[in-house]
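This structure is in structure tokens; I'll ask about it shortly.
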Amino acid sequence: MSWLEKILEKSNLVSSRKASIPEGVWTKCTSCEQVLYHAELERNLEVCPKCNHHMRMKARRRLETFLDEGERVELGTELEPQDKLKFKDSKRYKERISAAQKSSGEKDALIVMQGELLGMPLVACAFEFSFMGGSMGSVVGARFVKAVEAAIENNCALVCFSASGGARMQEALMSLMQMAKTSAALERLSDKGLPFISVLTDPTMGGVSASLAMLGDINIGEPKALIGFAGRRVIEQTVREDLPEGFQRSEFLLEHGAIDMIVDRREMRQRVGGLVAKLTNHKSPMVVSVNESPNEEPYSVPEADEKG
């Protein structure tokens, strides 16, 4: 065997070994680009163990890892989107719905589950960003109202994880109406004295950020989540000024008082559970103290001046 044949044989052996690695074993961090073992990333709740970047998470997995194991009831499964306007852009809306359902495995962009959090009854919902950018249409609005009604019926708190590009343009005014519809539903929840905790994940934009996502009794942001109404470029072109570094990120919003706290996804169950326990006066042995970590500065309220 010649030296060239030996090299080619080794090359074929290496390539065959590479080909034998199953697909989906490795994934790359979207921030630091570190190659990660996918099973380890899943155990870490889609948070990069190298740089702590919070990657986007599937709505169903988010709810399943957030709520207690055991009986969970999914609400609003009978609701499916309809093309009432016969809308068409480069594609028919009906075709877009079918494609989104096939790629995401969900019927629409919001999943609602009723279950328990640290032994306390709770209704939780989460946006599925892979379904047409988590856009809010009639079904999303109707499912959110069902979540509110279930919380009222069971006299428990409501938690929502938002990840959306805004209102769904293919449903025109019907999608914009969901902003008022969801806001009115939350008003009914508030009238009953029940808490609504809104968790804003990356990204939360447009009509969702301008309605239900910012109406929480407590608004929580995930680290470095993009949160806002219009996009950065649109704002810069409108005001004709450069925006500050980190504009529309959760850290910027916390600094300027737009959200109440930033919570690492891996601590979300305990932190939200502690808040729910306090807001509902529920004593659960599974709830631990939610005091700030030693690295966090305590919040202080400035004294009012003489003018009040």
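Using N, Cα and C of the backbone, Cβ positions are placed for all residues, glycine too.
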Checking feature assignment: zinc finger per Swiss-Prot, candidates 29-51, 167-189, 213-235. Which range matches?
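It is 29-51 that Swiss-Prot annotates as zinc finger.
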Match it up for me: which of 69-88, 289-308 does Swiss-Prot list as region 'Disordered'?
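Feature region 'Disordered' in Swiss-Prot: residues 289-308.
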List the residues in the vicinity of the Zn(2+) site, defined as same-chain residues other than C29, C32, C48, C51 with C-beta within 8 angstroms of the site's C-beta centre.
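Nearby residues not in the site list: T30, S31, E33, Q34, L36, P49, K50, N52, H53.
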Which Cβ among the binding-site residues (C29, C51) has the fewest C-beta neighbours inside 10 Å?
C51
Taking C32, C48 as the binding-site residues to compare, which has the smallest set of other Cβ atoms within 10 Å?
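Counting other Cβ atoms within 10 Å of each of the binding-site residues C32, C48, the minimum falls on C32.
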For the zinc finger (29-51), what are the DSSP-based totals of helix, strand and coil residues?
6 helix, 4 strand, 13 coil
